[in-house]
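Features reported for this protein in Swiss-Prot:
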- 652-749: coiled coil (COILED)
- 85-94: compositional bias 'Polar residues' (COMPBIAS)
- 123-139: compositional bias 'Acidic residues' (COMPBIAS)
- 175-271: domain 'PH 1' (DOMAIN)
- 353-447: domain 'PH 2' (DOMAIN)
- TYR56: phosphotyrosine (MOD_RES)
- SER408: phosphoserine (MOD_RES)
- TYR413: phosphotyrosine (MOD_RES)
- SER484: phosphoserine (MOD_RES)
- 66-163: region 'Disordered' (REGION)
- 513-532: region 'Disordered' (REGION)
- 765-787: region 'Disordered' (REGION)
Amino acid sequence: MERYKALEQLLTELDDFLKILDQENLSSTALVKKSCLAELLRLYTKSSSSDEEYIYMNKVTINKQQNAESQGKAPEEQGLLPNGEPSQHSSAPQKSLPDLPPPKMIPERKQLAIPKTESPEGYYEEAEPYDTSLNEDGEAVSSSYESYDEEDGSKGKSAPYQWPSPEAGIELMRDARICAFLWRKKWLGQWAKQLCVIKDNRLLCYKSSKDHSPQLDVNLLGSSVIHKEKQVRKKEHKLKITPMNADVIVLGLQSKDQAEQWLRVIQEVSGLPSEGASEGNQYTPDAQRFNCQKPDIAEKYLSASEYGSSVDGHPEVPETKDVKKKCSAGLKLSNLMNLGRKKSTSLEPVERSLETSSYLNVLVNSQWKSRWCSVRDNHLHFYQDRNRSKVAQQPLSLVGCEVVPDPSPDHLYSFRILHKGEELAKLEAKSSEEMGHWLGLLLSESGSKTDPEEFTYDYVDADRVSCIVSAAKNSLLLMQRKFSEPNTYIDGLPSQDRQEELYDDVDLSELTAAVEPTEEATPVADDPNERESDRVYLDLTPVKSFLHGPSSAQAQASSPTLSCLDNATEALPADSGPGPTPDEPCIKCPENLGEQQLESLEPEDPSLRITTVKIQTEQQRISFPPSCPDAVVATPPGASPPVKDRLRVTSAEIKLGKNRTEAEVKRYTEEKERLEKKKEEIRGHLAQLRKEKRELKETLLKCTDKEVLASLEQKLKEIDEECRGEESRRVDLELSIMEVKDNLKKAEAGPVTLGTTVDTTHLENVSPRPKAVTPASAPDCTPVNSATTLKNRPLSVVVTGKGTVLQKAKEWEKKGAS
């Protein structure tokens with residue numbers, strides 16, 4: 001007898017000890033042992049009294065009918081005992097129940113029509129199972145579609161789920177604001193009964209009371225909620241919850257009082273005003289205006305994955321959910337015909353670029369706090385809530401900062417902001433997509449050139465890493481698009497008084513330099529209309545310059561330029577050949593028979609001007625030598641050959657950007673040589689490491705001392721790690737070399753022009769003898785770099801597909817390493 005008393009006391013003490021351990025921080029091994037002991041203790045107490053569980057689960061009666069049923073079933077259950085006799089335990093032991101919430105949560109329980117027994121279990125209500133469920137569009141989901149949940153399929157609709165059961169984890173209910181078994185709508189339109197708990201501003205949904213990890217974990221801060229009352233054909237009250245960064249959640253509740261109670265708790269947790277709770281007067285946050293512009297559509301295509309926590313769920317585009325939903329049983333022909341139309345009108349998540357603020361967990365004094373974070377003007381601002389009424393801490397300047405992912409087993413999506421190695425802040429996102437979005441935002445604002453693929457993501461699987469990288473690249477691209485440089489074709493012309501640079505850093509020839517003093521002495525017209533008409537736009541249809549206008553022709557008739565041109569034409573031989581065609585452009589300044597005449601022209605010709613060609617893509621000018629406005633004059637045969645050569649070389653250099661091309665070729669060549677030299681060094685180091693590895697393996701085979709053997713194995717592991725690192729660096733180097741080679745080929749082929757090139761073919765193929773033309777009968781000169789010339793220009797950028805194999809290999813290596 002004493003043995004049984006000692007065993008009973010041992011079990012009691014063990015139960016108390018396990019409860020004490022629940023309050024302690026234990027290691028993973030200790031947690032496993034504790035859970036094993038708790039399970040053994042539960043099994044022992046359950047097997048020692050088989051009728052205890054039944055009596056306990058049916059002791060709470062609502063009316064006399066249920067009480068009579070329980071009394072009728074009790075003898076039948078006792079008759080099934082192995083020994084044919086009732087058990088020794090006649091009454092159920094007192095089990096610890098979860099703490100009740102504050103009294104303010106249940107003021108309206110007194111208004112219930114059906115009187116209920118006042119008991120602690122009465123607080124946890126449950127939704128009655130439904131026979132059929134109707135979607136928002138009135139289509140009944142086929143009842144033949146079986147649920148994926150075995151418990152729902154076997155027990156869900158046969159008997160109500162009593163709470164709490166003896167195996168229920170009371171730990172789940174600790175510090176909970178409200179909890180109950182509710183119906184939750186799945187993405188196929190079916191309903192699943194789950195244990196819903198609101199704790200620490202989060203909604204937790206458990207598949208059953210035995211589970212320790214929630215199937216759904218959503219932060220309710222900033223979320224909106226709508227109460228949809230029970231309709232005629234429906235059997236449930238609905239609460240539609242729209243979180244900030246998760247899918248829409250629909251909960252089914254049994255009574256209006258329960259729905260209003262949950263609505264009030266969710267509104268208190270979310271921090272939103274309660275005025276917009278009723279349907280039709282919904283309070284929608286700013287972020288939802290971008291993401292959910294059609295709330296009714298969003299409810300139709302709910303997505304709550306049953307294969308993992310939806311904290312890391314990736315929201316699907318409405319059209320994909322539409323296809324999944326319409327493919328269920330009982331769909332109509334009209335729905336199939338409308339699938340294509342819905343795809344065309346569905347909203348793409350393009351507004352993602354506008355989301356520069358959301359809730360993040362911030363590490364403050366070794367504690368994680370939820371803060372509303374916003375990126376604005378290269379600063380990261382922290383607020384207590386989304387209303388931005390109270391600043392949580394001082395803004396953080398992002399200029400020059402580094403953003404480094406810092407995942408841990410407990411915080412997979414955490415990252416740090418560093419400045420010169422010093423940690424300024426540590427943040428945590430709620431999903432892989434949100435983490436990637438914020439990485440891209442912070443990298444863009446800090447001005448960092450780091451590729452998101454270069455980061456190391458420990459404790460994160462390959463799928464989530466790819467999601468983080470793709471989201472980061474997407475936000476980077478959208479931020480670059482948002483803050484891109486102004487486009488001249490859209491933003492209009494630049495200001496007139498701005499100093500514009502030359503197209504290229506090309507040294508002009510001595511001939512052009514000799515004309516510059518005359519340009520300085522030239523009186524520039526102040527009329528803005530003349531300035532506007534002086535530009536020849538390369539991407540438009542060629543128009544006449546103001547030099548060909550009647551007013552300008554009259555103004556130039558009395559200028560010394562025409563007298564110089566007349567002198568030049570009179571000095572030419574009488575049997576001059578046919579002049580150039582009107583398609584040929586005006587060439588350089590009129591040259592006489594000798595250099596002395598050219599020098600004498602300089603002080604006498606103050607009206608010579610350098611025409612400019614406006615390139616809209618980069619808002620730059622190309623300087624050309626003075627050209628004749630109304631007459632086409634070629635270089636006379638008696639002119640010195642060096643003048644012609646300098647003329648052609650200068651034009652070619654201006655056209656091709658010779659100095660820039662040579663500089664790019666030189667730079668890429670040096671970069672290629674440097675990378676190849678580094679590659680050879682890595683190869684030599686790898687060969688040496690492999691040699692040492694072979695020698696170590698041979699030594700390991702011959703070694704018999706255990707201590708020496710352990711040290712050799714450790715050294716071998718270190719060499720293996722070093723080999724992997726060197727191999728990874730070699731792969732990166734190969735990719736860099738491939739990129740440099742491609743750039744070098746492009747540079748050698750010619751400069752990557754800015755959408756235009758200066759065509760000087762006409763300058764080199766000028767007829768040796770000009771035709772003297774009077775100003776009255778001057779033909780129209782086609783502007784240089786006209787649109788027709790540009791169409792015939794060959795492509796200077798060749799798209800290549802090389803290097804993809806190495807790129808794929810690198811991606812697979814990174815996925816394998818993670």
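Heads up, the Cβ atoms here are built off N, Cα and C, so glycines get one too.
Remark: TYR413 (phosphotyrosine) has PRO407, GLU428, ALA429, LYS430, SER431, SER432, GLU434, MET435 as non-local neighbours, by Cβ distance under 8 Å and separation of at least 6 in sequence.
Around the Cβ of SER408 (phosphoserine), a 10 Å sphere holds 11 further Cβ atoms from the protein chains shown.
Mean model confidence of the domain 'PH 2' (353-447) amounts to 87 (pLDDT, 0 to 100 scale). Secondary structure counts, DSSP: the domain 'PH 2' (353-447) has 17 helix, 47 strand, 31 coil. Here the domain 'PH 1' (175-271) is broken down by DSSP into helix, strand and coil counts: 15 helix, 42 strand, 40 coil.
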